[in-house]
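Colleague: What follows is a single structure, and I will ask about it in a moment.
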């Protein structure tokens with residue numbers, strides 16, 4: 001690579017470079033080889049430059065060719081010919097110097113930027129030679145470099161003065177900046193501090209100003225490469241890929257490296273030298289890379305000069321705003337959330353100093369990915385330590401997690417017995433929580449679980465854990481089923497009140513250590529246990545916790561039984577539980593025979609074969625003793641209607657459970673079952689629950705992709721009144737302007753997207769309109785309500801995950817008619833099958849304006865892999881979201897449709913709410929389909945809100 005210099009003015013071409021001296025007509029080419037300055041002869045070969053022809057400007061120009069600055073030179077004796085330089089008034093030329101045997105060694109400063117890039121401030125930049133089409137192509141163009149990030153005002157000024165004058169003022173240069181809600185963020189997570197003008201979700205530089213543009217816009221690209229030197233905070237992100245002894249580096253994601261490496265290293269799709277942490281968490285002395293599957297070798301990268309560290313201290317007297325901290329060197333303020341997230345944000349790395357090793361609490365099980373029983377999904381987690389931290393800080397008793405470095409996705413689960421919920425995946429790591437130190441010993445004595453840690457022995461406290469939790473603890477430690485006694489699980493009539501007293505029986509996911517389905521009942525007259533040393537489970541998991549507590553807590557009791565245990569530790573079969581016969585000496589096998597949850601299988605959402613959840617197992621219900629009263633109670637418990645119609649059945653079973661629902665529903669096992677119960681749930685007005693929701697009185701077929709394009713719901717069609725009666729509008733109360741869509745759930749609740757309220761969360765700012773069709777005219781069918789409350793999903797932070805909210809309006813609420821109807825909720829096991837076509841509806845943007853009349857479109861669910869690969873921006877899609885639309889463009893939901901329904905038709909004709917319109921990049925553009933929040937994963941939360949339960 002060489003630099004072109006014309007009349008002493010440097011002109012940068014991104015590609016091939018030459019050195020011209022004086023004028024283009026009189027030019028020579030120079031390069032440095034092993035510190036020796038060489039000149040190109042007329043034959044095209046390079047030879048050492050004779051020391052007598054050397055001038056300092058030659059050294060400066062040669063160092064510039066490797067993006068360095070000239071420091072000094074020295075002469076050196078040679079055993080070969082050299083070449084000299086001669087110049088006339090019009091041309092310079094080279095000639096052989098037969099008698100000159102001394103050359104010149106040139107010493108340059110460290111390489112700051114790779115050849116082909118230009119140093120601007122602390123950045124190494126290059127510019128695309130051709131425009132690219134959109135954000136996704138821009139990222140692809142820059143790879144393995146990245147789109148420019150964290151532009152400082154001084155850097156923008158330098159770009160404006162040195163680069164932009166050669167381009168038209170209208171030219172756009174894409175950066176890594178993206179709008180996330182109301183905030184602009186650079187690709188590295190930093191907040192954009194400068195003012196941004198224009199509309200759009202992507203950030204570009206135009207004539208020295210930051211402007212917002214559509215992410216599909218054609219633009220040129222500023223690519224930012226890593227510095228070819230080591231910053232003083234031991235950071236290197238350059239492109240050196242050879243070791244100090246010249247060996248080529250292997251790819252970090254080479255399969256032989258992945259399978260044989262000992263350290264927990266980041267999986268990278270390149271072979272560049274990088275700093276890594278050793279087994280003690282200390283950063284390596286130099287950048288390294290793999291040259292063999294199990295051999296890390298050092299790379300030589302020079303240190304950056306002090307001026308290139310680009311540290312600008314915070315002005316004296318300034319302080320960081322609330323919620324931020326200052327880097328140790330005072331270079332900048334960062335969010336407190338970025339501290340110890342295992343991603344360096346401070347130039348000196350101080351935000352990651354003295355951070356806890358969260359992985360010490362977990363053991364690596366293998367290359368698996370959670371596929372079920374997921375309680376939380378976190379995206380943009382840059383390191384597995386961050387995922388471990390999320391699990392440790394989870395309020396939902398996280399027991400294990402899987403982490404995918406490539407997608408930076410973290411999945412949490414509340415159970416450690418998850419092998420049935422795991423899928424093999426080589427790029428994912430599955431960790432399970434462990435007891436914190438290897439010197440913790442567990443044993444069972446007299447049916448009581450004891451722990452010994454730091455030579456201190458005590459029983460392990462049962463902190464009101466659920467039956468499922470206790471079972472997990474006992475079995476993970478290698479013991480059998482937990483032991484329950486009649487004393488701790490007496491009949492309800494002899495005990496004090498249950499706390500809490502409300503829990504919906506169809507929501508086992510709401511079960512907590514104090515839930516009614518798992519309640520540890522305590523008799524007011526019970527004798528307190530003696531005060532003995534005891535361990536809390538949380539303390540056993542803490543490396544630094546070594547103190548027992550003097551506690552009256554009930555101990556955890558474990559058996560050695562594989563199926564079920566009596567209170568005295570004797571073992572029984574599972575089918576001996578709740579069978580009407582006392583098999584345990586104290587009768588505890590017939591205690592706690594309550595039915596907590598029912599479900600329907602092999603049918604529709606409102607009819608099918610009955611099963612009951614008992615001891616974490618779904619068991620069949622016998623048809624033999626089922627009557628109308630019991631089926632009514634079961635349907636009511638499942639919220640599928642007030643009446644249960646018993647259907648004929650041909651399914652035979654040898655054993656199952658009989659149900660009795662006098663007060664609460666209890667069960668008894670029967671070994672004389674002949675048929676599996678099958679029912680259909682019916683409402684008070686004689687219609688099935690399916691007829692209560694998702695119905696419409698006007699039949700309109702949504703158009704498919706073959707129809708001509710009509711601007712949006714883009715590419716859809718204009719409906720007629722009552723066509724999609726569950727579609728509601730959220731409007732600005734003052735201006736009556738359309739704001740977002742929503743869907744009717746019941747008389748007082750609607751569901752929408754949480755991001756609709758990012759700018760203003762005040763309920764007084766909005767009103768809800770149902771039964772509308774033309775929002776510019778009064779149809780006479782509208783019902784208008786003010787908002788009483790907005791319920792955000794607890795984990796919602798921004799548009800990219802958990803983008804769902806429930807609106808509450810005052811009682812008595814909506815009057816249902818042919819223009820206003822609730823939509824059905826999907827079943828918990830609703831499958832988002834690629835290719836399934838469903839309907840979106842709303843009054844959102846039609847490209848140039850909002851629609852006056854309700855629009856609708858039929859669009860298919862898109863395979864997640866195809867969606868993510870259609871555009872880089874879709875890597876932001878969370879696991880609780882899905883993609884729908886057409887990759888070729890033309891039909892989609894758009895601005896103003898957010899919060900509206902993605903409705904799928906069931907076999908019985910009713911519509912279910914499969915998704916909530918969330919976000920997208922552009923409207924109906926090629927390779928930019930819409931993103932929708934799944935509804936099925938949030939059913940428990942939705943039920944809790946509707947039923948007024950705590951969440």
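Just so it is clear, glycine is given a Cβ too, placed from its N, Cα and C backbone atoms.
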Colleague: Name the residue range among 490-523, 524-557, 558-591 that Swiss-Prot annotates as region 'Disordered'.
Modeller: 490-523
Colleague: For the domain 'SRCR 2' (598-694), DSSP counts of helix, strand and coil?
Modeller: 14 helix, 39 strand, 44 coil
Colleague: What subset of the disulfide-bonded residues 346, 387, 561, 578, 584 lies within 10 angstroms of residue 571 (disulfide bond) at the C-alpha level?
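Modeller: Of everything listed, what lies within 10 Å of residue 571 (disulfide bond) (Cα to Cα) is 561, 584.
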Colleague: How many of the residues that make up the domain 'LDL-receptor class A 1' (319-356) does DSSP mark as helix, as strand and as coil?
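Modeller: Split by secondary structure, the domain 'LDL-receptor class A 1' (319-356) comes out as 6 helix, 6 strand, 26 coil.
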Colleague: When the Cα of residue 327 (disulfide bond) is compared with the Cα of each of the disulfide-bonded residues 410, 461, 561, 681, which one is closest?
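Modeller: Closest by Cα: 410.
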Colleague: Work out how many Å separate residue 391 (disulfide bond) and residue 410 (disulfide bond) at their Cα atoms, rounded off.
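Modeller: Cα-Cα, rounded: 9 Å.
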Colleague: Would you mind listing, in sequence order, the residues at least six apart from residue 593 (disulfide bond) in the same chain with a Cβ closer than 8 Å to its Cβ?
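Modeller: For residue 593 (disulfide bond), the qualifying residues are 577, 578, 666, 667, 668.
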Colleague: Can you grab the distance from residue 410 (disulfide bond) over to residue 340 (disulfide bond)? Cα atoms, rounded to a whole Å.
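Modeller: About 17 Å separates the two Cα atoms.
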Colleague: Would you mind splitting the domain 'LDL-receptor class A 2' (557-594) into helix, strand and coil residue counts from DSSP?
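Modeller: Tallying H, G and I as helix, E and B as strand, the rest coil: 6 helix, 7 strand, 25 coil.
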Colleague: Fewest neighbouring Cβ atoms within 10 Å: which of the disulfide-bonded residues 391, 838?
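Modeller: The disulfide-bonded residues 391, 838 were compared, and 838 has the fewest Cβ atoms within 10 Å.
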Colleague: Tell me which of the disulfide-bonded residues 340, 387, 673 ends up closest to residue 561 (disulfide bond) in space, Cα to Cα.
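Modeller: Out of the listed candidates, the nearest Cα belongs to 673.
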